[in-house]
Every structure is written in C-alpha cells, then in structure tokens.
Amino acid sequence: MHDPVPVLTIDGPSGAGKGTAARAVAARLGWNFLDSGAIYRALAVAAMDRGVACEDEAALAALAHSLDLVFEAAAVPRTILWGADIGDRIVTEECGNLASKVAAFPRVRQALLEKQRSFRRPPGLVADGRDMGTVVFPDALYKVFLTASAEVRALRRYKQLKEKGIDVSLADLTEEIEARDRRDRERPIAPLKAADGAVIIDSSDLSIEEVIQACLAVARSRRES
Ligand SMILES: Nc1ncnc2c1ncn2[C@@H]1O[C@H](COP(=O)(O)OP(=O)(O)OP(=O)(O)O)[C@@H](O)[C@H]1O
Ligand SMILES: Nc1ccn([C@@H]2O[C@H](COP(=O)(O)O)[C@@H](O)[C@H]2O)c(=O)n1
C-alpha cells in the first residue's frame, strides 16, 4: 500500500500568522502550499463582481463550482480569478468579512472541498485555514493550531494593511476581527477550532522565525516518532 501524500495543517484565527508561517514552512520543506482563506476571499470578490447576494446560498454554491482561480507562485504571489489579478482586492478586511459570511454556508463549503483537496500533491502539502485539520484533511499527519491574543492579531493586521497603503482605524479593525472570529467559531459547519491532536502554538510573543521553527518541529517530531 502506498503512503498518502503528507499534509501539515495550520489552522487558527485571523492574523495569528498562519499564512506567513505556512508559506515559509512549505518553501523550506519543498512542499506545496494552500491558502484556503484566499479561495473564500476570491469567492467573495466573484460574488461582488457578478452581483450575487451574500445571502443567496444556492447562487454562491454555483459560483463556487465555476470558480476559475489560479495561485501563481512567485516572489510576489499572484491570485488570478477568471484571468484577472485580484491580489489587491482580497487583502482588505471588508473582503475577509464577506468571505466569512459566504463561508458559513454548507453548500459553498461542499463546493470548494475538492478544489482544496486537489492541492495535495507530492512531495507534501502545508495547508492553512480554519478547518484544514478537522474537515478538509482530517487524516493529516501533522496538525498545528496557531493562535495569538486578539490585541496582537489586530495590531499585526493594522500594520500589514498600512504597509499596503490601506487606511484603517485600529479600533474598527479590532472590532471587525473579533466579530469575524466569533462568526467563524460559532458557525455550525466546520467551525474554527483546534483539530484533535493538534499542537497549539501561541504566537503572541514569538517572532515569525520562532513560529516557523515551531511548525517545522511538529513535522520533524511526528516523522521521527
Ligand atoms: N510572529 C509574528 N510576529 C509579528 N508579526 C507577524 C507574526 N506572524 C505574522 N505576522 C504578521 O502579521 C500579519 C498577518 O499575518 P498572516 O497574514 O500570516 O496571518 P493569518 O493568520 O494568515 O491571517 P488570515 O487568516 O486573516 O489570513 C502579516 O503582516 C505578518 O507579517
Ligand atoms: N479553511 C477556511 C479558510 C477561510 N475561511 C473563511 O474565510 C475567511 C477569510 O480567511 P483568511 O484566512 O484569508 O482570513 C475566514 O474568516 C473564514 O470565514 C474558512 O471558513 N475556512
């Protein structure tokens, strides 16, 4: 029997540093990388562009099935939706919020399941999101739940958006992030939570490099045991 392609899942709340760590860990292991949040964000952009209401589950699920989305790996990665680069549009907190609304619909999640699983290709995959270890890759060998205090996460996101020239108020951002996390945690389907057996890493007082090393240690320790 051949071994399944190994997967390291990194789930956690917004701004915990999942994407930053997952991308770097994937590069160091030479594995593929999946930013599942970007898929939900791209769906939110598609819904806006095509005039699909964020309450219309059936239309959103149909849109999700037809999504022509490509992630171009490069020094500055590009997200291409129906041939157009939407990289700048998916980074805003408004888009994150809308993504979190459309992500709460079971038919939307079902429609995006295979797309996410198709990233599992040799020699391995690092996948970040909310339900990577619980729903999308429940058989993953390595599971991390990466968290940080709400204040630290809001400040990180604030700095990130400022660097991109996006003007936001820290107070508004903190409220938005907390509301989004609440919605993600409380939804009945695929809620944000640590998978059974996941290693919990609190990044509040860790540098990016320390988080990367902690994730690599999870992959190494499990492989050795
Ligand atoms: N340990 C850390 N220390 C300081 N800044 C960090 C750390 N980890 C990530 N950051 C910074 O925080 C910001 C958010 O990080 P990132 O996008 O990786 O979070 P995320 O968990 O993937 O968020 P989301 O789920 O909303 O996409 C980035 O600007 C990143 O550089
Ligand atoms: N596996 C996932 C990933 C993301 N979501 C939803 O998308 C929103 C945006 O995600 P980011 O990681 O890019 O911030 C997020 O708030 C979730 O609602 C999801 O449901 N499942």
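Just so it is clear, glycine is given a Cβ too, placed from its N, Cα and C backbone atoms.
As recorded in TrEMBL, the features of this protein are as follows:
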- GLY12, PRO13, SER14, GLY15, ALA16, GLY17, LYS18, GLY19, THR20: ATP binding site (BINDING)
- 9-219: domain 'Cytidylate kinase' (DOMAIN)
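Around THR20 (ATP binding site), the C-beta neighbours below 8 angstroms that are at least 6 residues distant in the chain are ILE208, VAL211.
For ligand 2, the nearby binding-site residues are SER14; that is, of GLY12, SER14, ALA16, LYS18, THR20, these have a C-beta under 6 Å from one of its atoms. Over the domain 'Cytidylate kinase' (9-219) the predicted model carries a mean pLDDT of 96. For the recorded site, ALA16 (ATP binding site), the DSSP three-state label reads coil. Taking the mean position of the Cβ atoms of GLY12, PRO13, SER14, GLY15, ALA16, GLY17, LYS18, GLY19, THR20 as the ATP site, the remaining residues of that chain whose Cβ falls within 8 Å of it are ALA21, ASP128, LEU146, ALA148, ARG153, SER203. In sequence order, LEU146, THR147, ALA148, ARG153, SER203 are the residues of the chain that are 6 or more apart from ALA16 (ATP binding site) and have a CB within less than 8 Å of its CB. The Cβ of LYS18 (ATP binding site) has 30 other Cβ atoms within 10 Å, all protein chains considered.
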